[in-house]
Amino acid sequence: MPAGGRAGSLKDPDVAELFFKDDPEKLFSDLREIGHGSFGAVYFARDVRNSEVVAIKKMSYSGKQSNEKWQDIIKEVRFLQKLRHPNTIQYRGCYLREHTAWLVMEYCLGSASDLLEVHKKPLQEVEIAAVTHGALQGLAYLHSHNMIHRDVKAGNILLSEPGLVKLGDFGSASIMAPANSFVGTPYWMAPEVILAMDEGQYDGKVDVWSLGITCIELAERKPPLFNMNAMSALYHIAQNESPALQSGHWSEYFRNFVDSCLQKIPQDRPTSEVLLKHRFVLRERPPTVIMDLIQRTKDAVRELDNLQYRKMKKILFQEAPNGPGAEAPEEEEEAEPYMHRAGTLTSLESSHSVPSMSISASSQSSSVNSLADASDNEEEEEEEEEEEEEEEEEGPESREMAMMQEGEHTVTSHSSIIHRLPGSDNLYDDPYQPEMTPGPLQPPAAPPTSTSSSSARRRAYCRNRDHFATIRTASLVSRQIQEHEQDSALREQLSGYKRMRRQHQKQLLALESRLRGEREEHSGRLQRELEAQRAGFGTEAEKLARRHQAIGEKEARAAQAEERKFQQHILGQQKKELAALLEAQKRTYKLRKEQLKEELQENPSTPKREKAEWLLRQKEQLQQCQAEEEAGLLRRQRQYFELQCRQYKRKMLLARHSLDQDLLREDLNKKQTQKDLECALLLRQHEATRELELRQLQAVQRTRAELTRLQHQTELGNQLEYNKRREQELRQKHAAQVRQQPKSLKVRAGQLPMGLPATGALGPLSTGTLSEEQPCSSGQEAILGQRMLGEEEEAVPERMILGKEGTTLEPEEQRILGEEMGTFSSSPQKHRSLVNEEDWDISKEMKESRVPSLASQERNIIGQEEAGAWNLWEKEHGNLVDMEFKLGWVQGPVLTPVPEEEEEEEEEGGAPIGTPRDPGDGCPSPDIPPEPPPSHLRQYPASQLPGFLSHGLLTGLSFAVGSSSGLLPLLLLLLLPLLAAQGGGGLQAALLALEVGLVGLGASYLFLCTALHLPPSLFLLLAQGTALGAVLSLSWRRGLMGVPLGLGAAWLLAWPSLALPLAAMAAGGKWVRQQGPQMRRGISRLWLRVLLRLSPMVFRALQGCAAVGDRGLFALYPKTNKNGFRSRLPVPWPRQGNPRTTQHPLALLARVWALCKGWNWRLARASHRLASCLPPWAVHILASWGLLKGERPSRIPRLLPRSQRRLGLSASRQLPPGTVAGRRSQTRRALPPWR
């Protein structure tokens, strides 16, 4: 076919004989799509002439590069026509219909890759040998005719019903060898194909390499380098060594065969004819290997289909539980055709299998030569999008031009553009769907502009007016031309204003897009950091789970060993008891036997036979008694053994349960710590995001203010120019009117009182216009008044448009200003005047020659209604506006966007003003259950007597401490529990204070006296000073003024000279008490901000050292502490497990600390048990005294039940997208389940 021919043309006889003239839709029926690829779709069909099952490959040659597609189709058809071999796919014919080629071929069951997909495991070596042998025979046939397949892989090796192996998919094949084109599938490509563009040609040995890769694919379910990118795989194939089989259980023949196929140098690689003589393919194997493999695959597919059908049937019955049962078989028959999978062997009937596939459409990667269609489609889409964007940009101007045309008619065809998705997949979903022939869309002729048409009409008028008589004067024509030029200037001015606004809007959009990109990058970085932390947490959790599992297995093995030892011990004891019993029975039997013999000897008259019988009966009785005794012993031993085993198992089960509880508690503590660390990270990320958004908001506001300033300056300049021009016109008009007045009227106007100014249509007249005024008569005063009234009536429309400073406008000017500018209206109810007299005083402007401040200028331009909206916006966003004004931002009106871009801004924006706040902003959520009611301990009114007693006791003890310092520890121990409780002392606080005091005293003594060798007297003095400072600080913090007063009174009585220092200390303490909270809050916030800017590792270390308090975090982020939604301080949980045996002093201190913690826990649990056993009246008394305190509910975030979470999710999904909540759900992040 000539290169310049049209695609689908059959004028060439050589091309026409390749295709049949019949209609394929009439020849083939029951078409079902069974595969898809970049080339098109593959269909299962049945020939109506002979009921033969065939495979139809539909390929479209329409669209871009149709000639190249047509040439590929012709090449493939010619290639298939030449094939005559049992191991190649058989060609049935090719038909053309509606720019689609129907390539009809022999139908096969499927490909070798389908076998891997169905069985989910590699093939056996015998099966690989059979498949390879058949493929080699087909390749040998191709190579003997100088043909190259160039796309050999498991997906292109097909299996037929009789068990034959066939080569398929010759779309990449080459009719001539050698070849030099870059064609094939990347992972199966030979090195010489990859390097063909640089190093030259290649021959049929490239198929041998691909066959070796296919063997590895059949043996390992995927080709080498399959987990790598396609381009990287090509580089590795060309540069690295040849791949090999990974597993070691394959035979040496198979390994040698694969190594021979994968020789890197083509000259060392054997041909297909040589490989047919290899021992791997010539070894003895059952002749029904392929048939057995196909049958086994059919059975597996049938089972999968039945399972899928049962699942679908179950789903259908669940959706329609009342459906009739008689329709089940019909539903089964209808559901089975839709359960086929492209690339798998499928069974439609239980007796025999109907194939599902003919051509390889299930390979995991497409060929390289098939990527051109997708790229062409993508380029076509990009070009169409660019054309649409250009049309959208030119749209408003062209519409304006069309509106300005007069006397001319244009016909425009608005044809819709059909978009095609990348690739031609969707073109073949319906075989009966006609396809449209795309043709180049002819753009309509550009309409002539209004300027050219008006200038042409003017030139025609000028040419014709010389040949025709006219009554129009030259001055009238010149004035009309001048007015038209003025209108054109105004129109051009408005066009420039529109272009400026559009440019400003684009600049704002570009800035917002850039800032949005920064936010997305920042969000992605924070998300990666969070995911990395979560991955670390997951690794730690897995390690902990493995350790717990190892501990559990170890304990189970130890328990089993102990149980066996225990059973063996009991069995040994019982065996000894049984042996002793048997020994005793033997002795008793001998003694009894001797006694019986003696008794027989004493009575000699008894016959011998009777003696023997009597002796036998006595022996039997004795043996029976011994047997019963032995059976009773065995029964007792068995009962004892069972009882002991049950008791031991119970004991071991309790121990295992306790171990499981400890492990579970450790796991929960670890998870709580991880959640707290994650919460801290999220808080830090929130702070960083807030700062970024603040900076971006400042940048946007600065840009918006600058653009608004430029816009206002332009508007002001245009308005001043217009006002100057109108003032000049009015002066000329007024001068002409004055010149036309009679002299008597001028004299009358000059005789007016000095205090009464001469008024006109526009208010006070200028002084320069009345230089020639003379008195006028009273009769002409009425005429002047009527003229002035008429001028005022003419000025009314202009006042509604421009204010009181202008005069009347022509109707054409009103139309231009009202329609094109879009900011004025002739209705006084809709808009106020744009320019007011007192704000836009031209004389004052000319005298002062300065521009008013921008804020007042904006408010004057906006008008009263816009100023009211401004005030409303200020009320709604008062805090933000105040902060912006403090930062120096100039607030301006939001630029009116271009009409084409309004919808995009509304979609990109957040929730509108007035949207209700959700739990993510700190508000309570309806999904969270209410807190449990307070316990009965808080319901009793607390008695005031213990409070007075405690304060009096502290005051008296403080007075005593002033005289005797030995009572200072007692005062500190009493003060600590009183400070720990809100309404008085508590038992738990007292125990804690005692423990803290003793441990602190002991640790300080060991450190100072033992390590630093401090003298005991100095240590005692230091301990007293520390205790005194602690007493004063604690009493000052809780407001217990009795303690310092008692100490001061005692010291004054002992040392009167301390009065002045004590007074100074009291004054300083009062000032510190007043200013202390504010200073502490400021220092705390500064400290927290410094910590939040540190790296996560340092921040985590400081958390472990308790350098970050939850009170400070919640003060810095108050939304996280609303309505009880707060988390605990993220401090890492102490490391569990046995401590290392070392003799370091710190290790000894750690052991002592662990021992103290253990005793503290035991003491607290004993106190809790004791309190639970007390009667209610005793609990009430102890609670009123402050010795007991009710347990507070945990403020750790609670996880909602799964049902409530699903209800919340379903409710949020059922909301329509147009509602406020729906819009907010589209823009806001989903709430965590515990919120």
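Using the three backbone atoms N, Cα and C, a Cβ is placed for every residue, glycine included.
When Ser51, Ser181, Ser965, Ser1172 are compared with the annotations in Swiss-Prot, the one labelled phosphoserine turns out to be Ser181. Residues 611, 614-615, 618-619, 622-623, 626, 629-630, 633-634, 637 of the same chain, all 6+ positions outside the coiled coil (576-603), place their C-beta atoms under 8 angstroms from a C-beta of that stretch. For the binding-site residues Gly40, Gly155, the largest tally of other C-beta atoms within 10 A is found at Gly155. Set side by side, the recorded positions Glu106, Asp151 differ in how many other CB atoms lie within 10 angstroms of their CB, and the most is found at Asp151.
Classification of Ser9 (phosphoserine) by DSSP places it in coil, neither helical nor stranded. Checked against Ile34 (ATP binding site), the recorded positions Glu106, Tyr107, Ser658 differ in C-alpha distance, with Tyr107 being the nearest. Across the fold, the C-alpha of Asp151 (active site, proton acceptor) and the C-alpha of Ser181 (phosphoserine) stand 13 Å from each other.
Summarising the environment of Cys108 (staurosporine binding site), the number of other Cβ atoms within 10 Å of its Cβ, over all protein chains shown, is 24. Of all the Cβ atoms in the protein chains shown, 10 others lie within 10 Å of the Cβ of Ser658 (phosphoserine). Checking each of the recorded positions Gly40, Val42, Ser181 against Gly155 (staurosporine binding site) by C-alpha distance, the shortest gap belongs to Val42. Taking each Cβ in turn and tallying the other Cβ atoms within 10 Å, the top scorer among the modified residues Ser9, Ser181 is Ser181.
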